[in-house]
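Asks: Found this in Swiss-Prot, in case it helps:
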{"type": "BINDING", "residues": "74, 77, 148, 154", "note": "Zn(2+) 1 binding site"}
{"type": "BINDING", "residues": "286, 289, 383, 390", "note": "Zn(2+) 2 binding site"}
{"type": "REGION", "residues": "74-154", "note": "region 'Zinc finger 1'"}
{"type": "REGION", "residues": "286-390", "note": "region 'Zinc finger 2'"}
């Protein structure tokens with residue numbers, strides 16, 4: 001019985017899951033020419049094009065970019081249509097998946113869960129249809145899942161302004177393509193028009209559905225979180241050598257057309273901005289957003305952590321000091337750091353997860369401790385107070401929907417109700433997501449005269465847009481320059 005967001009159904013040894021992970025790695029870039037070579041070769045556009053043409057992953061990038069064309073069919077919609085022709089009742093499981101996705105944060109972990117559960121649903125229900133080789137034969141790419149579930153949201157209610165919705169999706173695609181191809185410029189998207197957009201009154205989630213989602217699931221995806229990012233620069237301060245070897249051995253044994261993968265970047269194509277970078281103790285993948293999507297226990301801990309920082313004392317301390325003091329107090333109270341000492345490999349600690357502290361306020365175990373150790377004070381500060389994507393994720397997530405289910409005898413009724421009500425409400429407006437996506441792209445682009453002017457113009461309108469939608473964060477001008 002499909003329940004959605006179920007970690008027990010997605011073990012890290014799942015072949016479907018690892019296949020998706022494999023095709024979310026990029027092929028390594030060719031080595032940079034030596035200084036001697038570059039000194040004798042004049043830098044001009046012809047040489048740059050020639051170097052690009054010789055790139056080992058050019059064909060891969062071209063193929064990945066196909067899904068980022070607005071006039072190309074949605075492959076996920078095509079698969080859904082094929083499944084419905086075979087069995088119309090399949091839509092009930094699909095509707096539950098979409099409903100859970102609707103209240104999930106936009107994180108790599110969320111996308112991995114959604115795409116894996118989708119492929120499991122179609123393979124288990126339709127064994128007579130050959131769905132093998134979807135990635136191998138370039139029938140789908142991970143960007144098909146990006147667009148279908150998180151960008152265009154093909155499953156959601158019909159909007160009144162179809163053309164604006166189409167243009168927003170078009171702009172999202174252009175942003176991803178420019179970062180994927182590592183272009184020097186970001187698409188020039190003017191967001192000033194959104195400042196005068198009439199805000200629709202927010203609808204609330206159906207209370208009837210809320211009443212049905214009362215049974216907590218024993219779901220937790222932290223082991224998967226460590227697995228997917230082990231051996232990458234996302235965990236550059238917490239080594240997982242054995243876990244990394246296990247993962248690389250598993251995915252390299254899969255039948256594929258990939259001869260090599262960019263190990264340190266990890267499955268970066270799962271991220272909203274498919275570009276792996278670290279800057280001032282932050283990474284382009286926020287581990288706290290990932291943790292928020294892992295379980296209700298972890299969501300509640302982050303909620304407690306944020307409130308503790310806000311309530312730390314009545315003096316006018318800087319937020320970074322509040323963060324540091326609160327984390328130090330939590331570590332001192334839980335004592336987990338005394339058990340999980342400095343190790344050269346934390347893989348065993350992940351699988352054992354034998355140390356835990358719990359009281360009336362929060363639960364903290366080895367998994368959360370190691371994530372906090374990796375993110376550090378700056379990472380926590382950025383997540384709670386600086387990054388608009390993190391705040392949008394905090395506004396979007398609904399733990400009662402994501403991590404709860406219903407009694408086994410009622411789950412089919414729940415799926416039918418979700419399907420026929422067709423209420424997939426967007427918590428954060430689509431144009432706000434677009435502006436945030438553009439902001440994240442500006443964080444990773446190399447500054448030049450042209451895009452510096454573009455960023456300055458954008459930030460004026462972006463700051464006003466955030467205020468209009470009640471995003472209370474540190475000045476984005478600081479964040480865009482110092483963090484990723």
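Positions of Cβ are set from backbone N, Cα and C atoms, glycine also.
A description of the local structural setting of each listed feature is requested, covering burial, neighbours and distances.
Replies: Sequence-distant contacts of residue 154 (Zn(2+) 1 binding site), defined by Cβ-Cβ distance under 8 angstroms and a gap of at least six in the same chain, are 74, 76, 77, 147, 148.
The DSSP secondary structure for residue 390 (Zn(2+) 2 binding site) is helix. When Cβ atoms from all protein chains are considered, those within 10 Å of residue 390 (Zn(2+) 2 binding site) total 21, not counting its own.
Counting residues per DSSP class in helix, strand and coil order gives 53 helix, 0 strand, 28 coil for the region 'Zinc finger 1' (74-154).
On the 0 to 100 pLDDT scale, the model's mean across the region 'Zinc finger 2' (286-390) is 95.
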Asks: Just to confirm: which same-chain residues, 6+ apart in sequence, have a Cβ under 8 Å from the Cβ of residue 383 (Zn(2+) 2 binding site)?
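Replies: Correct list: 286, 288, 289, 375, 390.
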Asks: Within 8 Å of the Cβ centre of 74, 77, 148, 154, which other residues of the chain have their Cβ, at the recorded Zn(2+) 1 site?
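Replies: After dropping the recorded site residues, what remains is 75, 76, 78, 80, 144, 147, 152, 155.
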Asks: For the recorded Zn(2+) 2 site formed by 286, 289, 383, 390, which further same-chain residues have Cβ atoms within 8 Å of the site's Cβ center?
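Replies: Other same-chain residues with Cβ inside the cutoff are 287, 288, 290, 292, 382, 387, 389, 393.
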